[in-house]
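Over in TrEMBL, the protein carries these features:
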- 12-698: domain 'Myosin motor' (DOMAIN)
- GLY105, GLU106, SER107, GLY108, ALA109, GLY110, LYS111, THR112: ATP binding site (BINDING)
- 575-597: region 'Actin-binding' (REGION)
- 891-1078: domain 'TH1' (DOMAIN)
Amino acid sequence: MEVKTSLLDNMIGVGDMVLLEPLSEDSFLENLRKRFDHNEIYTYIGSVVISMNPYRSLPIYTPEKVEEYRNRNFYELSPHIYALADEAYRSLRDQDKDQCILITGESGAGKTEASKLVMSYVAAVCGKGQEVNKVKEQLLQSNPVLEAFGNAKTVRNDNSSRFGKYMDIEFDFKGDPLGGVISNYLLEKSRVVKQPRGERNFHVFYQLLSGASDDMLKKLKLNRDFSKYNYLSLDSAVVNGLDDAASFRTVKNAMQIVGFMEDEVQSVLELVAAVLKLGNIEFKPESRCNGADESRVKDKNDLKEMCELLGIEQTVLERAFSYRTVEAKSEKVSTTLNVAQAYYARDALAKNLYSRLFSWLVTRINESIKAQTKTRHKVMGVLDIYGFEIFEDNSFEQFIINYCNEKLQQIFIELTLREEQEEYVREGIEWTNIEYFNNAIICDLIENNQNGIMAMLDEECLRPGTVTDETFLDKLNTICAEHQHFESRLSKNSKFLNDHSLPHSCFRIQHYAGKVLYCVEGFVDKNNDLLYRDLSQAMFKANHSLMKQLFPDGNPAKVNLKRPPTAGFQFKASVGTLMKNLQTKNPNYIRCIKPNDKKAAHIFTESLVCHQVRYLGLMENVRVRRAGYAFRQVYGPCLERYKMLCKRTWPHWRGPAREGVEVLMADLQVPTEEFSYGRSKIFIRNPRTLFFLEERRRQCLQDLATLIQKIYRGWKCRTHFLLLKKSQIVVAAWYRRYTQQKKYQKIKSATTVVQSYTRGWQARKLLRELKHQKRCEEAATTIAAYWHGAQVRREYRKFFRANAGKKIYNFTIQRIMQKYFLGLRKTLPSMSPIDKSWPARPYRFLDAAHTELRTIFHLWRCKKYRSQFTEEKKAVYEEKLEASELFKDKKSLYPSSVSQPFKGDYLEISKNPKYHKLNSCVEEKVLLADVVNKINRANGKGASRILLLTKKNVLLADQKTGQVKASVALPDLASVSVSTQNDGFFALKLREGSASAVKGDFLLSSEHLIETITKLHHIGSTASDDGVRLNIDITDEFLVQFKQDKVCVKFIQGAPKNGNGASCKRKNNRLLEVSVPATA
């Protein structure tokens, strides 16, 4: 059996106020306090949800909670706003009933958050899909945009909605959202120009200045400092917990999601900036020649910037602030405005500009989120509207707000009673009339077309002559003086004419929620809501993309001399339309309550909550619900919940659920006047009867729990005993197996020992026999051998005596040679060719063989060593060998070059991009590339040159430019002369008569002399035609042919100059002396 929770399970206080016993205002408040202290912020009054603002985040809005309340009965779980949203959505989807959710309460009670929670729940439980998700996202993202432009910080709420909002969400037959339509009511536009102390202007102004980039502010001609703007209050400009910069980014993103274009967003922000600039325009008085007062703009800089934002000519707007044109039939009269009138005109323009911008935003959002299909839609309306307001100073705004709440209370009572009556008729229960307070008389006092307060206010605004707030109050005192819900100083309902609690300029109305004192100051002006025609025409002339849409009344071609409708008339008409709309839908109510004025968590101010309970009419609501039957439940769930109270219905009832409930109630002997049977539900009149059933159920559940515990404990003990018994059998079996195994192991071990001893004795016996047999065979063999030996020796004694010496000698020599070779094999030296060690000869007669073997071994290991060389390595060693033949013991520089490998291309000429040009000039492979110094015969100094050696030529090139200076064919090279000392000088001597000998020989100096001369000698020998090797002269004095002259180059040892290198010096025309440092 599936176990479900119920509203009555684990209840803190009473979850449904209809069940509160006893019912009084004190018990009502105490129940709210008890649930609030335990974080139970939702309570029911029948199908109405009471929501207490916790002023903190609670973990009751998670996706898991959404799934928990999805498709569940309204009373099946503890009270929650999700339960109401799910009930409304399922009624719309499954029963095809249009729904509306009415959210009321005073500012700060959490109405806006409640509407968001309803919309987010519906978005979570309805269908999925790309198009559906897009519609849901647009519907949800419309909230941040409207909150930015329509919400403000007040003393009661940091995010107070200063307008009423009604949204119709349209669904298809499957329950998927198709779109929506938003209606707005009474934006508090007076907040644009003036805010009470401790409150802010609308959020968008602060969000724009805090979150816009510097470039955007520059385009909008704004400054980030709030104090620069007169329309922004400074005492509450910064609100704790509100990040205006982040909110601005959120609003821009939401506008993009809803469907605003970039130019539309820019246009909206320009109008917001224009309102701020408008507030900074100030006026000064100026007297005309006729004595009339006239106003002029003080500082025209803000006026100029505002005109640039809106695309208006400055002179046109400046004139509209100074003059007013009145048209009557065919006449036009132009009058000047004084400073007070100019300020009034400025503020009126600011209020109208912002109000019309807000209305345009709502219209623009509706264009984006409206349903695209034209088939019939299911509709769910969400009404988030200001609650009943009672302030110290109540003006025109509070009057029409409270009028709206009177209408909502009226429709609430009507729809609640109608719903009750329809359910009674549907269930076949006799309907009895319910006594309740009908506030239709109060609504008639306000909205009556003949003598209602709003009709008289409109009449007073439209009549000619002097019209003031005092004349309006006088008219009220005349017409409404005898109304039982109207009081003033002159009305007959006032107890005393000198009542000081009722000032002369005020009147009092006794609303359903209590008495409210209204000050008539500003009633006439706020109801007129006049904007001078000159200003509307000036706005229409603007080049801004939105101004002609916002001010169509300023079109000169469509001048309408008829007075525009008053604010009260417009609001009354919109409220009437709203009421008609709500009456066509099934209502669902959320009553929001603010627990304290400090906006703090865990604080419950009883007086404040009591005040809200009274003006929300919650006690009246409970009484209406309890006037008939306090509790009703479908037969199936009722039988499922209470069937354990009767033996005939427990544990299973096989018949119809109603018969089971009848048997149950008869068995419990509940008085028949306490309940009635409907067609599908049982109706319980008194909460005491329900609590009696719950108490019996609780006791029965305790008895059942005890029985279950007893059965469980018995089952658990039996299970434990059977487990012990089974374990004992297993342990005994394993123990017997273990003992038998141990016994078997002992027998097996003893048998093995006996067998081993037996096999040992048999083996030893056989061994003795075999040994005896072997000794006998060996003895016979030995005797036979001795006997045969004696026979042979006797036979060949003569022969052995003749050849015995030679054979013994040869045998001895063979043994010595065998021993020598075996010993040599073990003492051979290493395989390194430079290892000169060799074992000593053991006998002198082996001297020649010993030397020959040493030579053979050395040649063999040299061959093995050479076989490891690559061709390149062989070439290098051949060059090293050739260098050794040329310079060993002949030149002092040679020993230092032995350990240095011959690299050849020291400049990496083929890889270095610096020598790319030089490399391209050489067609053959470069065998040597090095930097040398060419010695000048004139002064003995050297010039850097690049020496390139190929198979056919020797080239000298400039090191910097890479240009080839000289090229010598190798066959033209006669010899090379070098010194015996530790220097790098060498002379290239050319053959006489050759083409290269024109400029004479070359005297050069190189750091790689040995490698250079070796490669020259090797390549020069192969390049000569006759095969004659290149001659290398090693001497400390040689002649060098410089063109026509021969110069002697002489090498001497001397002290080092400029370091350790050799230096060359010119002695005379015939002698170059090279000083070489002495080697250590």
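Backbone N, Cα and C atoms are what each Cβ position is placed from, and that goes for glycine too.
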Completion exercise
Near the region 'Actin-binding' (575-597) in space but 6 or more residues beyond its ends, with Cβ under 8 Å, are 32, 36, 45, 47-55, 81, 84, 87-88, 91, 97-106, 108-111, 114, 118, 156, 166, 183, 185, 379, 381, 383, 387, 403-404, 407, 411-412, 415-416, 419, 603-605, 608-609, 612-613, 616, 618
Practice task
List the same-chain residues at least 6 positions away in sequence whose Cβ sits under 8 Å from the Cβ of GLY110 (ATP binding site), in sequence order, or say none.
Solution key: SER51, ASN53, CYS592, LYS594
Handout entry: CB-centroid shell, 8 A cutoff, ATP site GLY105, GLU106, SER107, GLY108, ALA109, GLY110, LYS111, THR112, site residues removed
Key = ASN53, ASN157, SER160, GLY387, CYS592, LYS594
Practice task
Determine the Cβ neighbour count for GLU106 (ATP binding site): the number of other Cβ atoms within 10 Å of its Cβ.
Solution key: 23
Fill in the blank from the handout: With neighbours defined as other CB atoms within 10 A, the best-packed of the binding-site residues SER107, THR112 is THR112
Problem - Tally of residues which DSSP labels helix, strand or coil - the region 'Actin-binding' (575-597) - result: 9 helix, 8 strand, 6 coil
Problem - Under 8 Å by Cβ from GLY105 (ATP binding site), same chain, sequence gap 6 or more - result: SER51, LYS111, GLY387, ARG591, CYS592, ILE593, LYS594, GLN612, LEU616
Exercise for the section: Please work out the mean pLDDT for the residues of the domain 'Myosin motor' (12-698). Expected result: 83
Completion exercise
If you count the other CB atoms within 10 A of the CB of LYS111 (ATP binding site), including all protein chains displayed, you should get 28
Exercise for the section: Give the number of CB atoms, excluding that of GLY108 (ATP binding site) itself, located within 10 Å of its CB. Expected result: 22
